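Asker: Encoded as structure tokens, here's the structure I'll be asking about.
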Amino acid sequence: MLWIQPACLLSLIFSAHIAAVSIKHLLNGSDHDTDVGEQKDIFEINLAAGLNLFQGDILLPRTRNAMRDPSSRWKLPIPYILADNLELNAKGAILHAFEMFRLKSCVDFKPYEGESSYIIFQKLSGCWSMIGDQQVGQNISIGEGCDFKATIEHEILHALGFFHEQSRTDRDDYVNIWWDQIITDYEHNFNTYDDNTITDLNTPYDYESLMHYGPFSFNKNESIPTITTKIPEFNTIIGQLPDFSAIDLIRLNRMYNCTATHTLLDHCDFEKTNVCGMIQGTRDDADWAHGDSSQPEQVDHTLVGQCKGAGYFMFFNTSLGARGEAALLESRILYPKRKQQCLQFFYKMTGSPADRFEVWVRRDDNAGKVRQLAKIQTFQGDSDHNWKIAHVTLNEEKKFRYVFLGTKGDPGNSSGGIYLDDITLTETPCPAGVWTIRNISQILENTVKGDKLVSPRFYNSEGYGVGVTLYPNGRITSNSGFLGLTFHLYSGDNDAILEWPVENRQAIMTILDQEADTRNRMSLTLMFTTSKNQTSSAINGSVIWDRPSKVGVYDKDCDCFRSLDWGWGQAISHQLLKRRNFLKGDSLIIFVDFKDLTHLNRTEVPASARSTMPRGLLLQGQESPALGESSRKAMLEESLPSSLGQRHPSRQKRSVENTGPMEDHNWPQYFRDPCDPNPCQNEGTCVNVKGMASCRCVSGHAFFYAGERCQAMHVHGSLLGLLIGCIAGLIFLTFVTFSTTNGKLRQ
């Protein structure tokens, strides 16, 4: 089939819901939910712990710098150990942070297997790390209050070689430092360093960087900032830590000289004419069209019609032709490394309710051809003509294509069709629940502190009923201009056979940044882990996570019981919501998951005796003269300072030499993927075949690669024959010409 102009796609969700808004108002004395407080700044945590580290959270070696010294850059993947003294929630948050690195960058991690260089994550005092690979075992401390995904990403970036953003030599062009407002003896944290010490990797100053100080870092007066931005609009942006910025990722990939991610299989926003290599079906009745946002009723999801000459999507017109006519749109051939994928996309159906939108896969037939079709999910038309998000779980282990099939249900009663935009295929699980809240701007404007919206019930993979509560203007905090988010359990169909109280489950709530490219999303993720210690006097000291029909309250909206809530009354600022793409299309999207972490209770493995903590650590702003003009007295530590150890002096301080045994090391299977790192040479694709790495080699028109690791280059036989023929012909022609010339000379 020929391309015309396109719009396309559809989806499946484990559990999805678009909110019919019902706002509940807080009555005096009726609020018994638990607020865990706001996320504390890293430096606030470290100050409370009595730590005075270099730049607030760095143990700095005297002699090397990973931004300039290639030997301090890690060999990927990076080995790690999760110490048993870590909180269970911290372990889950660390693994979640690893997945963000795998999804958005070329950096990867692997469980420790005796390597000389590795990272051990421990619960020591405060949140801190070292800069770069120290060529020995080294700590990252995830202490009390540090177990947030973004905080962990921040400390890992230090370990990968990054300093704070405002340490750049050109920072005074972009921010103001109010020296008189800085706590005495902490001024060193605001020093800048020249290009001989750190490098910006040829990138611009980044207010949104995960590595930027907040406006109130190390301040004397809690209401007066120590750092403000030259562009006032960024004063409320710096220091907010939702996720990596786009420039953070550019620097990370430049530092490690690689660009490919590990778990992103495909992405398409249809902004380019080649529509990401997708192809039309050849045996169907019609084609998908590559549409744009030139018409008011045809607005894309990527740019929501805000850019003239841009904003494309795929579209299948269901208002013309005959009932039952269909059009296929297929992806390029994809090679998975893991056994599970999540296909996420945005779609809308504006035609007849009888229209159908289906997701299929075309699989390897075991003879090398991708041809066997299997239906995965069907979507039916409805009266909601807004863009919707969809998630479809795939379980492909061999090469495959995903396929979108649109079918006309009743052209005579259709005035539109099926739209598709912003496709993302990752090798990660789909969320258990997806809650879309429409008209969010009106909700933010018309609600007050304490007003709340309660999500419908979702089910996780174990069968627990879960949900979230949204506080559009916060819950009970004194600060205004914030959105709150909490988690609760619902009674459900499976309660009779489930474990109660439910413990060791990590509740994960994500407010989605709807940026088209998942690598550039700065979504906010909050998580905590259930415990039998989480009780409430409102239920006579019972565990909050006991069976909801026993300790919860009846909710007529779901005809079920709902537990007390646990979460954050001040989760994210309205300014950040409006600055990014959290409110695209005037909709707020929230993901919810509930994952069992019991297998992570015992994760520690003994480290090699040869691996020791590096000597020569600088603390308290005591960097050497080579590191800054305003440096102070240096202190050389011969071992990990006692102030950084455990809070409980009666307990033996852990080091990388005292890690103890590990029992039931039940890591997810994908951590042992033989294709991580890719063993294939010459841009070959690695495929996991029954636990063994199998290389799919690149083939061109003239040359192809072969061998177990695609290490040998060959010339195609047809081209080789042609070359031999050409050479033989050239020799013959030369001989004839020479003979003819000699004959003429003799005459």
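Cβ coordinates come from backbone N, Cα and C, glycine included.
Relevant sequence annotations retrieved from Swiss-Prot are reproduced here:
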BINDING   His154, His158, His164  Zn(2+) binding site
DISULFID  Cys106-Cys258  disulfide bond
DISULFID  Cys127-Cys146  disulfide bond
DISULFID  Cys268-Cys430  disulfide bond
DISULFID  Cys675-Cys686  disulfide bond
DISULFID  Cys680-Cys695  disulfide bond
DISULFID  Cys697-Cys710  disulfide bond
CARBOHYD  Asn28  N-linked glycosylation site
CARBOHYD  Asn139  N-linked glycosylation site
CARBOHYD  Asn221  N-linked glycosylation site
CARBOHYD  Asn257  N-linked glycosylation site
CARBOHYD  Asn317  N-linked glycosylation site
CARBOHYD  Asn413  N-linked glycosylation site
CARBOHYD  Asn439  N-linked glycosylation site
CARBOHYD  Asn533  N-linked glycosylation site
CARBOHYD  Asn540  N-linked glycosylation site
SIGNAL    1-20  signal peptide
TOPO_DOM  742-747  topological domain 'Cytoplasmic'
TRANSMEM  714-741  transmembrane segment
Asker: Using only C-alpha positions, which one of His154, His158, His164 is spatially nearest Asn439 (N-linked glycosylation site)? These are the binding-site residues in the record.
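Answerer: Result: the closest of the binding-site residues to Asn439 (N-linked glycosylation site) is His154.
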Asker: Between the disulfide-bonded residues Cys106, Cys127, Cys146, whose Cβ has more other Cβ atoms within 10 Å than any of the rest?
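Answerer: Of Cys106, Cys127, Cys146, the one with the most crowded Cβ is Cys127.
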Asker: For the glycosylation sites Asn139, Asn257, Asn413, Asn533, Asn540, which Cβ has the most other Cβ atoms within 10 Å, all shown protein chains included?
Answerer: Asn139
Asker: For Cys430 (disulfide bond), identify the closest of the recorded positions Cys127, His154, Asn257, Asn533, Cys680, judging by Cα separation.
Answerer: His154
Asker: What is the number of other Cβ atoms found within 10 Å of the Cβ of Asn221 (N-linked glycosylation site)?
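Answerer: Looking across every protein chain shown, the total is 9.
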Asker: Beyond the listed site residues His154, His158, His164, identify every same-chain residue whose Cβ lies within 8 Å of the center of their Cβ atoms for the Zn(2+) site.
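Answerer: Nearby residues not in the site list: Ile42, Gln55, Asp57, Ile58, Ser129, Glu155, Leu157, Phe162, Phe163, Leu210, Met211.
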Asker: Counting across all protein chains shown, how many other Cβ atoms sit within 10 Å of the Cβ of Asn439 (N-linked glycosylation site)?
Answerer: 14
Asker: Give me the Cα-Cα distance between Asn540 (N-linked glycosylation site) and His154 (Zn(2+) binding site), rounded to a whole Å.
Answerer: 40
Asker: So, three-state DSSP: helix, strand or coil for Asn413 (N-linked glycosylation site)?
Answerer: helix
Asker: Among the recorded positions Asn139, His154, Cys675, Cys680, Cys710, which ones place their C-alpha within 10 angstroms of the C-alpha of Cys106 (disulfide bond)?
Answerer: none
Asker: So, three-state DSSP: helix, strand or coil for His154 (Zn(2+) binding site)?
Answerer: helix
Asker: Quick one: Cα separation, His164 (Zn(2+) binding site) versus Asn413 (N-linked glycosylation site), in Å?
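Answerer: Approximately 59 Å lies between the Cα of His164 (Zn(2+) binding site) and that of Asn413 (N-linked glycosylation site).
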Asker: Within 10 Å of the Cβ of His158 (Zn(2+) binding site), how many other Cβ atoms can you find? Include all protein chains, please.
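Answerer: If we count other Cβ atoms within 10 Å of His158 (Zn(2+) binding site), we arrive at 23.
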